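*Asks:* Annotations per TrEMBL:
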ACT_SITE  B:GLU322  active site, proton acceptor
ACT_SITE  B:HIS323  active site, proton acceptor
BINDING   B:TYR124, B:GLN186, B:ASN209  NAD(+) binding site
BINDING   B:SER233, B:GLN255, B:HIS258, B:HIS323, B:ASP356, B:GLU410, B:HIS415  substrate binding site
BINDING   B:GLN255, B:HIS258, B:ASP356, B:HIS415  Zn(2+) binding site
Protein chains: 2
Amino acid sequence: MEIVKYPAREQWQQLTTRAISNQQEVIEKIRPVLAAVRKEKDQALRAYTSQFDGVNIKSFRVSEEEIRQGCLNVSSQLKGAINEAVRNIRKFHENQKHTVKKVETAPGVVCWQRSTAIEKVGLYIPGGSAPLFSTVLMLAIPASIAGCKEIVLCTPPDKQGNIHPAILFAAHLTGITSIFKVGGAQAIAAMAYGTETIPAVDKIFGPGNSFVTAAKQLVTLDGTAIDMPAGPSEVEVMADASANAGFVASDLLSQAEHGPDSQAILVTDSEKLIAEVQTQIAKQLELLPRAETTKKALEHSRLILLKDQQEMLDFTNLYAPEHLILSVRNYADVAEKINNAGSVFLGNYTPESAGDYASGTNHTLPTYGYARAYSGVNLDSFCKKITFQEISEEGLQKLGPVIEVMAEAEELEAHKMAVSMRLSTLNKQ
Amino acid sequence: MEIVKYPAREQWQQLTTRAISNQQEVIEKIRPVLAAVRKEKDQALRAYTSQFDGVNIKSFRVSEEEIRQGCLNVSSQLKGAINEAVRNIRKFHENQKHTVKKVETAPGVVCWQRSTAIEKVGLYIPGGSAPLFSTVLMLAIPASIAGCKEIVLCTPPDKQGNIHPAILFAAHLTGITSIFKVGGAQAIAAMAYGTETIPAVDKIFGPGNSFVTAAKQLVTLDGTAIDMPAGPSEVEVMADASANAGFVASDLLSQAEHGPDSQAILVTDSEKLIAEVQTQIAKQLELLPRAETTKKALEHSRLILLKDQQEMLDFTNLYAPEHLILSVRNYADVAEKINNAGSVFLGNYTPESAGDYASGTNHTLPTYGYARAYSGVNLDSFCKKITFQEISEEGLQKLGPVIEVMAEAEELEAHKMAVSMRLSTLNKQ
């Protein structure tokens, strides 16, 4: 890990850089995949699945029987844990429901917003050795609370053409309407354009490798919405002398184990803590099975010593971390001053893992500095707000002349006429 | 206008098609513009402004003196109307403020969201013969209520290098921090990448021609957020026998005058109304200065006769109109069943013009069917939601084992260790 002591403000921007993205190159590479799926549909999906996943799939749709079997193969201990997490995630997201509030903006002019579910959504769950069933929960639970009618899940099959039981169990539990065995950029294309088997959806959610991310960005150009752009995962721990070096080290390592591109940053005003965290990292690293990946991520991770809490705050808001852990004495005050972050963990007993799995908050969060402009996934992500307005005859009599003056100044005469005709009818009454 | 009577459901999809977009071609055309601005900054902006706007601009920034002069040149009648609109728009958007609600998802586990302003936003206002000062209000007012620190406005200069006084007045009134004389794709590139004069922003808002729209879509690939994708404007009027044919005609025309690509659709169960609306359109068209544009838009507009209200509702939710006017007897009931629309206008005395200018709702809305997945611009558009959580020692003792089981099942051992270390510290106490 790079150690930086008391950097000048001019250096800060450089210290917030992430692993370089070659997104543009990847975008060019996957254009043909999207075009092929758009044109040849299921046939293209079959060919890519054979090529990339090494398996020939006859039927992409996971059957009821496969789901039933999958659920039987999950241990009751894991089922219990998932059920507990579901309860908390549901509670947090249910509390995000929007309530209609009618506002009389002027006499007789009543306006309101109503939040309404996006009808068809597609969730992508990456494959790999470990089954990311927690991401199924994070996407399917708010989709189902929002009231989305069609919730489609795509995830790549293993070499035997199967989906991991824990994914099937999580999907079954949370109201997914169909599960398909297809992964990669081709899955994103299928959900964007539709195939004979896989329905086109209005919005696509979920993490993935750079191919999946590029595919999501590309389909937005054709009108499919996506949750947010994505980059490698990251954490910042802001810590002072009150922090526990062992806890801090374990939080940095739990970010680093995600992948070689992940980034873990410690920002502190305690030089002693930096030394202790280094010792702890070396010690804990020996216990970890993913040590190779983790070491690579640590290469572009940083321990940064700053002169006081104000500098720590300013640096944090500049970095805009996906995850931010506040291991400082006055964490509640500090939290109030955070303007750019995805999810914030307060105090010594709130590890990031809690939010990753079971506290109730969502773990699909803006990385790569996107927290400056994007929210993490939440109930809103599965809804759109429609505006309504109702104007009474008296209301229009008062507001009408204002509209006429403005429409005329913008040289939109028909806009003016739509009001004038109504006013003249009212005046005749 | 095309008249379609009692179309079969299979035909409906075809009836919801918009003017064909050649967005991909435009995207290829403007790539070099974006690359040039990114590399040569102000120098590229100068060259493009000379080429596209026909004027050599020395200083892009509008001076205090220019703003002062501009404000003097707006009639007091227009100022009065704008002030009234500002009051209503402010009232509606202020009522959209998010309140923090702490949720105890499990004992000792407290989670909440806080809505926080996006720090730097860029607003684009198109040029052209008429000054779109109303769009300044629609973007700058929520930006200022949200608390955005830097609110930059770009708009193309006229041939004399000036900005229309009404735009300067609206910008001055609503808290814009800097105004720049630059338009087109080059303005979007400037706000995305930053130049010597124009600061890079986190999110770009506002309408524009197909070049501006394509530029907005392209910069998202490099990480700048945008309000939403955009297409030509459109309206649907849903009307029954209770509707006033003159009002309906004027509403269709006020959409059609926006541009030759605009679309106006009437959906009704009254054959008589169709005939009356046709007569009214012919009559009103003669009074309109923009008749040529309007006629072109009417060529791909439609009057559709359906058999009952249920069909009208189903068609509407399929079409997902940007603007929807409900001129039906039971408009309040019908409004409850609308799932896909940008902004809905209820009853005979609520013309679209009201929402375009002065009722208080926002007029930056999803077109082209994007209402299926996107909201119009509202206060949320200028904010992101940050999640917070605080877990007590007791809370972690209860929730910790759940996290450990899940992390282990996902083979993320460091995630598990971040919890285990804390639990073992607590158990030693």
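Note that the numbers count up from 1, one per residue, in the order the chain is shown.
Yeah, the Cβs are placed from backbone N, Cα and C, and that goes for glycine too.
Annotations in TrEMBL come from automatic prediction, not curation.
Provide an account of the burial state, proximal residues and distances for the features listed.
*Replies:* Counting every protein chain shown, the Cβ of B:GLU322 (active site, proton acceptor) has 28 other Cβ atoms within 10 Å. In three-state terms derived from DSSP, B:GLU322 (active site, proton acceptor) belongs to neither a helical nor a strand segment and is classed as coil.
Non-local contacts of B:HIS323 (active site, proton acceptor) by the CB criterion (under 8 A, 6+ apart in sequence, same chain) comprise B:SER233, B:GLU234, B:VAL235, B:GLU236, B:GLN255, B:ALA341, B:GLY342, B:SER343, B:PHE345, B:GLU352, B:GLY355, B:LEU365.
Secondary structure from DSSP puts B:GLN186 (NAD(+) binding site) in a helix.
Long-range neighbours of B:GLU410 (substrate binding site) (same chain, six or more residues apart, CB within less than 8 Å of its CB): none.
When Cβ atoms from all protein chains are considered, those within 10 Å of B:ASP356 (substrate binding site) total 26, not counting its own.
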*Asks:* Determine, to the nearest whole angstrom, how far the Cα atom of B:HIS258 (substrate binding site) is from the Cα atom of B:ASN209 (NAD(+) binding site).
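*Replies:* Roughly 12 Å, rounded to the nearest whole number.
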*Asks:* I'd like to confirm something. Which of the recorded positions, B:TYR124, B:ASN209, B:GLU322, has a Cα closest to the Cα of B:ASP356 (substrate binding site)?
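*Replies:* Minimum Cα distance from B:ASP356 (substrate binding site) across B:TYR124, B:ASN209, B:GLU322 lands on B:GLU322.
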*Asks:* Among the binding-site residues B:TYR124, B:GLN186, B:ASN209, B:HIS415, which ones place their C-alpha within 10 angstroms of the C-alpha of B:GLU322 (active site, proton acceptor)?
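*Replies:* Cα within 10 Å of B:GLU322 (active site, proton acceptor): none.
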*Asks:* I'd like the number of other C-beta atoms within 10 A of the C-beta of B:TYR124 (NAD(+) binding site), please.
*Replies:* 27
*Asks:* Are there residues of the same chain, six or more positions away from B:ASN209 (NAD(+) binding site), whose CB falls under 8 angstroms from its CB, and which are they?
*Replies:* B:PRO126, B:GLY184
*Asks:* What is the Cβ neighbour count of B:HIS258 (substrate binding site) at a 10 Å cut-off, with all protein chains included?
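*Replies:* Total other Cβ atoms inside 10 Å, all chains included: 22.
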*Asks:* At a CB cut-off of under 8 A, do any of the binding-site residues B:ASN209, B:ASP356, B:GLU410 come close to chain A? List them or say none.
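*Replies:* Sorted by position along the sequence, the hits are B:ASP356, B:GLU410.
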*Asks:* Long-range neighbours only, meaning 6 or more apart in sequence with Cβ under 8 Å: which ones does B:GLN186 (NAD(+) binding site) have?
*Replies:* B:VAL33, B:VAL37, B:ALA44, B:LEU45, B:TYR48, B:THR49, B:PHE52
